[in-house]
Amino acid sequence: NKSKKRRNRVSFLGVATIEPPKPIPLTWKTEKLVWVNQWPLPKQKLEALHLLANEQLEKGHIEPSFSPWNSPVFVIQKKSGKWRMLTDLRAVNAVIQPMGPLQPGLPSPAMIPKDWPLIIIDLKDCFFTIPLAEQDCEKFAFTIPAINNKEPATRFQWKVLPQGMLNSPTICQTFVGRALQPVRKKFSDCYIIHYIDDILCAAETKDKLIDCYTFLQAEVASAGLAIASDKIQTSTPFHYLGMQIENRKIKPQKIEIRKDTLKTLNDFQKLLGDINWIQPTLGIPTYAMSNLFSILRGDSDLNSKRILTPEATKEIKLVEEKIQSAQINRIDPLAPLQLLIFATAHSPTGIIIQNTDLVEWSFLPHSTVKTFTLYLDQIATLIGQTRLRIIKLCGNDPDKIVVPLTKEQVRQAFINSGAWQIGLANFVGIIDNHYPKTKIFQFLKLTTWILPKITRREPLENALTVFTDGSSNGKAAYTGPKERVIKTPYQSAQRAELVAVITVLQDFDQPINIISDSAYVVQATRVVETALIKYSMDDQLNQLFNLLQQTVRKRNFPFYITHIRAHTNLPGPLTKANEQADLLVSSALIKAQELHALTHVNAAGLKNKFDVTWKQAKDIVQHCTQCQVLHLPTQEAGVNPRGLCPNALWQMDVTHVPSFGRLSYVHVTVDTYSHFIWATCQTGESTSHVKKHLLSCFAVMGVPEKIKTDNGPGYCSKAFQKFLSQWKISHTTGIPYNSQGQAIVERTNRTLKTQLVKQKEGGDSKECTTPQMQLNLALYTLNFLNIYRNQTTTSAEQHLTGKKNSPHEGKLIWWKDNKNKTWEIGKVITWGRGFACVSPGENQLPVWIPTRHLKFYNEPIRDAKKSTSAETETPQSSTVDSQDEQNGDVRRTDEVAIHQEGRAADLGTTKEADAVSYKISREHKGDTNPREYAACSLDDCINGGKSPYACRSSCS
């Protein structure tokens, strides 16, 4: 074909003519036309634009156009007075698919072998010598307007790579790279660097360099590219990519930083970007530019104002001095590279050397991702980063890495530091700690805080133990050999805790063990000694962390710090001591509650000691189960324990109401004291749904002391336990797969469903259309209207007032102890359906008893001493037990007796109740039955109410 013939055509000189590379087509995100109107231009600029357009037209770079695309065009005047034409291609670039960078970074001139001769060339108008694909030309059309629209506008489109097009640099690199491929292949022993349109050639001898350059000229010309003859460099000093290259040394080109133009964030961002570009050559440590970096903080608007501080001005001056004096060295290609790590302030500094010649500096970024980064981890990160840089520069790992650690410290780092293991992964070279003897590194400001000296990983023996705590009310405290409370301005418990730890480190100039209930503070204190602290926009937090670090580093004695979980109710001295520290920082109300829990002081005493109101003091007493009754009851067989006051014990469960649709999961909570019910309908029964339900309960019922649930996953999750811990609520579960432990809430579920059915089938509440509205109406009825058996008030009244209404409360009874098989005397604390809570006497825990194991004492209530002493008169129940086994009617008679007693008592006539009780007692067989020992209580007893044995013939 024709193209093949052209490729094989031979000129009269005998040199093959190579066809220029084909244009690279662009990929477009959309076929939608892009038209941006041309803005008016002043007459002077319009005339300059016409001249430039005609010039480009003559050179064949543009052509007339009728394209439906348009981009604005404008001109700018250079310092020389010449005009330059530019096209605003932002709208077009937005619909071009990016090609991606081919050279992500500048090549380092330090890799050019030393003493090799060089030639540096610059391609002339490189973009304008590379054609656009024919189908893409119309996308880069522009319009030159006419003044007053007195004539049609002139339209052109680019035929070559336009300045400002998104992919122009990539296409240019590709074209030039293709042109240089034959040169690289033929002169593989030469060192050739190509970046955009700048080309550097180095060879071991001058003759070989000339041969290489001659061949390069021909290849570049055959590709349609032109060399700028006025920019060819053949002698030292060479200038390439901002560097001045000599036979062995490389220096940055002399520049002066204009400080008068530094006014906005964008100005400082550009300045630091330029400094960062030459930092590997300048060798300015990161810590030496901290004030310049701090100017970047704040408003992220590029046009936001910034002020050059005196400290930052000094750092700019340092940069200028380094530009004048800094230098690096070209390498010997036959000698290996080494990496030196110096423990400089703020963060470590890396130096790539060859023998004693400096090749490049390496630094970590000024800002870090973590709040605290250990210095050892920084060293490991810098090693990994610089190893990759060396491999990128020369293709090999460094021959040796020198670190500021002993052999034992290096061994421990491999064992304990994950960052160290990653940074040195697959390294087979030498790890040493002997630095070369040279003066070029002596200016570095070194630090000794590489590994911890004061902070210990294990508890200290024979050291003081101090507990710390902080509260959101701003108080910090510690307790131990002595106690101290510190008032802080912080409204964060963690920050107050941080102040407490700092104070302990300052107050105890001796070895100490610190125990804190803040995991965050503990972790920060453990690592702060050698850590780089990340800057935070919160100035208070910065000050606290810096003060903590300074305090730790100033200490002369070691310390150990560990974490303890708060409010766990675990036994042991650590928990008690931590609670004592908590008490020191609690608010007045919390202190009053904790003091009452400790001493059970009355409301007047609480108000006198703490700054609380009468209502708050009374609420504390009313919510205390010990102060409302004698003691907290213990669980006995066959009984569901109830709360003895509102919010003492809740039961909670999830039931299902299919008619509610996706809200069919109804979460139900019942207060076991008042039987107050609250329920919410939700879409599931996970922990998040349970927490949402409980927050609703808290808003209506208050916060309970204890909650009992089944063993569902929503109730047994760690997230739920954490939620309860935050609210200081204890939690118990029933026996798996046994619903009897949840009998109260199970019965409540049935009651609630029944009420819902009643409302739906026979109610007139047509307004209750949503599931929650139906549920709320049922709850209002059950809580505020219904009065249940053995109650005289509604559940809502009982829950809000805490008032007991059982008619049997305070009465003396006989109760059966199933463990000892004996009948004992007790006093009724509360009485419900099928259960009662009984106090056996002073200093004894109350017990929950089924009503079938209760029998009325039937005598005027005596004082506690006499009631307790009566136990000596109580007969053993072995005969009763044997009768229970032999005669099934006895148990039935007991139950009938209790039922009749309750019924008689409900009538309100004590005489009749006593008479019924005595009559039933005579039906029991044997003299050892407790009924036979019940004293006669008839007003006309001829024996004075003594033993009923003497009354059988007279009083009965």
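Including glycine, each Cβ sits where the backbone N, Cα and C put it.
These features come from Swiss-Prot:
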DNA_BIND  811-859  DNA-binding region
BINDING   Asp469, Asp582  Mg(2+) 2 binding site
BINDING   His596, His600, Cys624, Cys627  Zn(2+) binding site
REGION    864-890  region 'Disordered'
Average pLDDT across the DNA-binding region (811-859), rounded to a whole number: 75
Three-state composition of the DNA-binding region (811-859), taking helix and strand from DSSP: 3 helix, 29 strand, 17 coil
Conformational class of Asp469 (Mg(2+) 2 binding site) under the three-state DSSP mapping: strand
Surrounding CB atoms that lie within 10 Å of the CB of Asp469 (Mg(2+) 2 binding site), all protein chains: 28
